[in-house]
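K.L.:
Residues or ranges marked as domain 'Glycine transporter' in TrEMBL: B:13-86, B:97-169. Residues or ranges marked as transmembrane segment in TrEMBL: B:13-31, B:38-65, B:71-89, B:96-116, B:122-142, B:154-172.
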Amino acid sequence: MIAPESLPTLPPVLDYAGVTVFALTGALAAARDRHDIITFWFFAVVTGVGGGTLRDLLIGAPVFWVNDATYLGIGLAAALAVWFLSRYLERAKTLIWLDAVGLAAYAVIGAAKALAFGVGPLVSVAMGVLTACFGGVIRDVLAVQPSALLKREITISAALLAAGGFVALNAIGVPALWAGVLGAVAGFGLRAGAIHYGWALPAFGAKRG
Amino acid sequence: MIAPESLPTLPPVLDYAGVTVFALTGALAAARDRHDIITFWFFAVVTGVGGGTLRDLLIGAPVFWVNDATYLGIGLAAALAVWFLSRYLERAKTLIWLDAVGLAAYAVIGAAKALAFGVGPLVSVAMGVLTACFGGVIRDVLAVQPSALLKREITISAALLAAGGFVALNAIGVPALWAGVLGAVAGFGLRAGAIHYGWALPAFGAKRG
Amino acid sequence: MIAPESLPTLPPVLDYAGVTVFALTGALAAARDRHDIITFWFFAVVTGVGGGTLRDLLIGAPVFWVNDATYLGIGLAAALAVWFLSRYLERAKTLIWLDAVGLAAYAVIGAAKALAFGVGPLVSVAMGVLTACFGGVIRDVLAVQPSALLKREITISAALLAAGGFVALNAIGVPALWAGVLGAVAGFGLRAGAIHYGWALPAFGAKRG
């Protein structure tokens with residue numbers, strides 16, 4: 001378990017990081033559709049805070065960004081960064097890799113906050129997975145794109161490995177920071193392998209193809 | 001009215017049943033898209049708990065599955081059942097009938113929990129309808145499928161009959177259990193007629209066709 | 001700041017107005033797809049209360065329509081009005097103008113309620129924008145239509161002008177009623193110009209076309 005006294009220092013830094021990564025993916029989605037800068041900002045904020053908002057509503061926590069305008073500034077910074085720098089980026093590739101980082105990070109962050117609010121370990125893992133996956137789902141629904149979840153690649157499994165690894169390591173006494181880093185790295189590694197090498201679990205029906 | 005003392009025994013069994021049915025429809029949707037077993041599980045859980053989660057957020061109740069990992073197990077069981085048994089099923093047909101059962105059951109369950117939390121009767125009916133219909137909406141949005149709501153068949157009307165019948169019978173003194181069974185049977189019957197015989201209310205514009 | 005003592009009188013009238021406008025857009029969307037009257041009602045209610053529901057969940061307020069069945073009646077009235085009168089309307093045009101009114105009104109209403117609940121000014125502006133924009137998003141997702149947000153026209157910017165104008169004027173001492181009216185008129189004017197004259201902010205990539 002995460003000691004309650006570690007709670008006050010936990011959320012801000014981690015949530016800033018997770019929001020930044022997902023905000024960039026939101027702004028990149030807006031760029032793909034050639035929106036204006038205000039719409040970039042909207043997509044950046046909604047995508048950035050969406051996953052954590054769902055987590056907070058589910059566990060009954062005050063929604064993390066409602067009392068801290070910093071998150072809106074992060075969204076604006078992400079929108080401006082994509083607006084001015086994206087000509088130097090291959091957008092689709094950048095989006096998929098940032099999404100992988102966000103997935104792994106948010107899976108751990110979501111599970112950690114759930115644990116810190118007294119949610120049991122199994123449900124905390126689920127909370128991490130939902131938190132990690134819904135940021136991208138909200139972005140894709142808003143952009144009317146097929147969700148990244150539905151590519152027949154490993155995505156949810158990577159979030160499950162990250163969140164599950166963190167919660168399991170933490171339960172056997174590994175300090176929260178190390179458990180989180182190891183979980184996120186494992187989840188990111190699995191997702192990276194899926195992106196780069198096409199790793200996949202057996203798909204339903206494949207055995208009968 | 002449902003007596004407050006009946007509250008503690010009300011939710012678990014009913015929610016388990018409603019979640020099971022909708023979890024199966026979620027796993028079947030994942031099967032249609034030939035996902036892996038982890039994605040089956042994700043779809044089963046999200047579809048299974050989605051409607052009830054919306055209900056709990058709206059009425060200010062603690063989200064029912066956050067403190068009970070059983071629901072995750074139900075999702076896993078549903079995923080495994082569909083994975084191993086679905087070759088024996090005609091999937092589209094099974095999905096539509098399970099959806100009909102889930103719609104009727106969740107309409108009553110959603111209305112009953114709202115009443116038990118002190119929500120007025122009319123809004124409790126609405127809560128039942130929303131709860132019943134959003135499980136399928138969330139599944140269809142995740143699967144990027146046209147929502148079952150949008151087939152020009154009776155679906156929302158069936159949920160309204162189930163929830164409204166339950167609340168009305170309950171209000172005139174019929175015991176909650178019987179009111180619920182009668183409401184669910186009536187709603188399911190209407191939906192079954194719509195599926196089997198093509199029953200429909202007059203569609204907008206039809207009279208001027 | 002809105003004085004706390006103005007809170008009790010704030011929500012009902014304004015929320016009724018915002019819900020009515022968005023409920024009409026929901027029923028019009030149902031008419032486009034030739035649904036039955038119950039589905040009209042469902043779309044009217046969900047679209048009408050969707051934006052405000054998100055706002056209330058985010059700021060931790062009791063969801064405004066759960067304890068007041070009037071909103072369900074507004075939805076029914078909107079459904080009936082569209083059902084019987086829409087032959088006299090050019091539907092697409094009516095929908096876009098009602099949507100513009102709803103956007104401006106809900107942006108101010110959403111920001112005002114957030115301020116009244118002690119949310120800071122910047123986040124209150126964001127709350128107004130999210131509230132205004134998500135009513136339409138929920139309607140479009142339910143109707144499986146490309147979201148109005150994604151037309152490359154000014155929509156989010158208009159909500160931002162309405163909510164931001166209201167909060168800024170209010171902060172420099174303009175009475176809440178006038179600040180709200182001025183903000184909503186400015187936001188509606190910007191949206192109206194975008195609809196009528198095709199006003200747009202520079203789109204991403206346009207400069208390099």
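Glycine is treated like the rest: Cβ placed from N, Cα and C.
Note that the coordinates shown come from a computational prediction; the quantities given were computed from them, not determined experimentally.
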K.L.:
I'd like to know if the transmembrane segment (B:154-172) touches the transmembrane segment (B:38-65) in this structure, counting it as a touch only when three or more C-beta pairs sit under 8 Å and are separated by 6 or more positions.
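P.N.:
Between the transmembrane segment (B:38-65) and the transmembrane segment (B:154-172), contact is absent.
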K.L.:
Count, for each of B:71-89, B:122-142, B:154-172, the Cβ pairs lying under 8 Å from the transmembrane segment (B:13-31), and report the range with the highest count.
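P.N.:
Selected stretch: B:71-89, with the most Cβ pairs under 8 Å.
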K.L.:
Note the mean pLDDT of the domain 'Glycine transporter' (B:13-86), expressed as a whole number.
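P.N.:
Mean pLDDT for the domain 'Glycine transporter' (B:13-86): 91.
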